[in-house]
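Taken from TrEMBL, the feature transmembrane segment covers 19-37, 92-114, 120-144, 189-209, 215-236, 318-336, 356-373, 380-397, 409-434, 446-468, 480-506. The domain 'Major facilitator superfamily (MFS) profile' annotation in TrEMBL covers 27-503. Taken from TrEMBL, the feature region 'Disordered' covers 274-296.
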Amino acid sequence: MATVPPGIRLLVSFDRNQWYRAFTFILTFLLYTSFHLSRKPISIVKSELHKNCSVVSELAAAGSGQQPPLPSLHVDADCSWKPFDKRNYKQLLGAMDYSFLCAYAVGMYLSGIIGERLPIRLYLTAGMLTSGLFTCLFGLGYVYNIHSLGFYIFVQVANGLVQTTGWPSLVTCIGNWFGKGRRGLIMGLWNSHTSVGNILGSLIAGYWVSTNWGLSFIVPGLIIAAMGVVCFLFLIERECSLVFLLHLAVFLDQTSLRNQEQEKMDQKEKALALKQSGSSSTDRVNAADSVPRRTSLSELQPPPTCCERLCVQGVVEFSLCLLFAKLVSYTFLFWLPLYITKAAHLDAKKAGDLSTLFDVGGIVGGILAGVISDKLGKRASTCAVMLLLAAPTLYGFSMMSKFGLGPTIGMLLVCGGLVNGPYSLITTAVSADLGTHKSLKGNARALSTVSAIIDGTGSVGAALGPLLAGLLSAGGWNRVFYMLMTADFLALLVSHCVAGVCFVYVHKCTDSACVTCR
């Protein structure tokens, strides 16, 4: 008798619930990957919206064998995309970032409240479809030769609002499927979708940025819209919903089989069988319906108020810590390719490809932060250590123009891990821990709003970072890095205070959320 291959033995060793958990993990991972994939193109296209026209002219002259033209006295740059062809182009690009992120921060507070009152699948699907629409609209500005700053600002604001549907919904969904066991590791792996989306967005946008930058937005817009359709077809919000659907499918199959058998009966026997089995069939239907439709006590309770959520130990503190950590992370997200273009004198595509190394380091940093916090049981202390190490790394990265390519790659990887590690840990594992705090009385719907409060506060920092970078970079990139190091120090200070305050608090309770604060 032939032996069973080891791969098949491995597959059958998992039960059905484990397979559904794995499917939900992968699906939600891909869904939020598409969100970040659609946010990244703007940072790649910035260097194309405002080019170094002297370099472009020299390259064109070299290709034709002519002498390079004399320097022009005009302030406008004819090779750039209007209205970003003026001397204040950095402020204009910063205003676009700020419009998106400010709308995202404001919308996040409302999104959590709305999301916990609507079906997650439908709410998320609507957000992804509309986000795909507005992302494509930005790219159509190139197709239809639109040069109105107001148009691009409007698209950014609208896209920022609809993208807030993603995070609270998916954190709630993944929190419903996975318990507290090894939450740091699971959430660290899951949150790598942020960096994966940034990498894919950079590669996709970089492919078309030099030839047709409109496609750098249109293609990601179509991808997130397609993933919205996938969400509508396959996403299951929680495990108990799956139980109901499975019971319903079994019941429908049994009903279909009974109907087929009855069709084969004679008219006389069929009438007699229906008369005799009428009452018992009704009882079976009611019994089958009653099992999957059972409602838990947490679902019957009214959702906790915003005040009750804010009073949970650690929500305000971690929200402030995330504000400064996300300021640093999103400044890199929106300005790193442009900085590499200016500092290392690379074209837009090469700068975009090189910037993906920052996100590769972010994947490793997020996973390490989750594993270490699970091992030590101290989320805040883990964040504090990584933030402490990030400060000198940021200073070293600011000197990257003096290094060779090898050290620059190393600095990008290390800096990405130390910057994105605390950001990943707070937005996932910490949010899930605090969203299931005992003071919320086991209400599963509260997780959506708690995660929205934390991430919404962090998004305020995400909005301020790129705006300040646009303003400060006019006086030199060193000012931008001093701002980033200051924000990193403030995040370190808040996380240290969280660890100190909650260390006293942990002796007064034994709840797992208290351990989160340490």
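Backbone N, Cα and C define each Cβ position, glycine as well.
Remote same-chain residues near the transmembrane segment (19-37) are listed as 124, 128, 131, 163, 166-167, 170, 173-174, 177-178, 186, 190, 192-194, 196-198, 200-201, 204, 220, 223-224, 227, 230-231, 234-236, 239, 242 (criterion: CB distance under 8 Å, separation of at least six residues from the stretch ends). The listed stretches are 189-209, 215-236, 356-373, 380-397, 446-468; of these, 446-468 has the most Cβ pairs under 8 Å to the transmembrane segment (92-114). Beyond its flanks by at least six residues, the transmembrane segment (318-336) meets 39-40, 42-43, 46, 97, 101, 198, 355, 358, 380, 383, 387, 390, 394, 415-416, 419-420, 422-423, 426-427, 430, 434, 453-455, 457-462, 464-466, 468-470, 473, 480, 484, 487-488, 490-491, 494-495, 498 of its own chain at Cβ-Cβ distances under 8 Å. In terms of C-beta pairs under 8 Å, the stretch of 120-144, 215-236, 356-373, 380-397, 446-468 lying closest in packing to the transmembrane segment (189-209) is 356-373. Summed and averaged per residue, pLDDT over the domain 'Major facilitator superfamily (MFS) profile' (27-503) gives 78. Counting Cβ pairs under 8 Å to the transmembrane segment (356-373), the top-ranked stretch among 120-144, 215-236, 380-397 is 380-397. If you look at the transmembrane segment (380-397), the same-chain residues 6 or more away from its ends with a CB under 8 A from one of its CBs are 318, 321, 325, 328, 365, 369, 372-373, 411-412, 414-415, 418-419, 421-422, 425-426, 481, 484-485, 488-489, 491-492, 495-496, 498-499, 502, 516-518. Counting Cβ pairs closer than 8 Å and at least 6 residues apart in sequence, the transmembrane segment (215-236) and the transmembrane segment (120-144) reach three or more and so form a contact.
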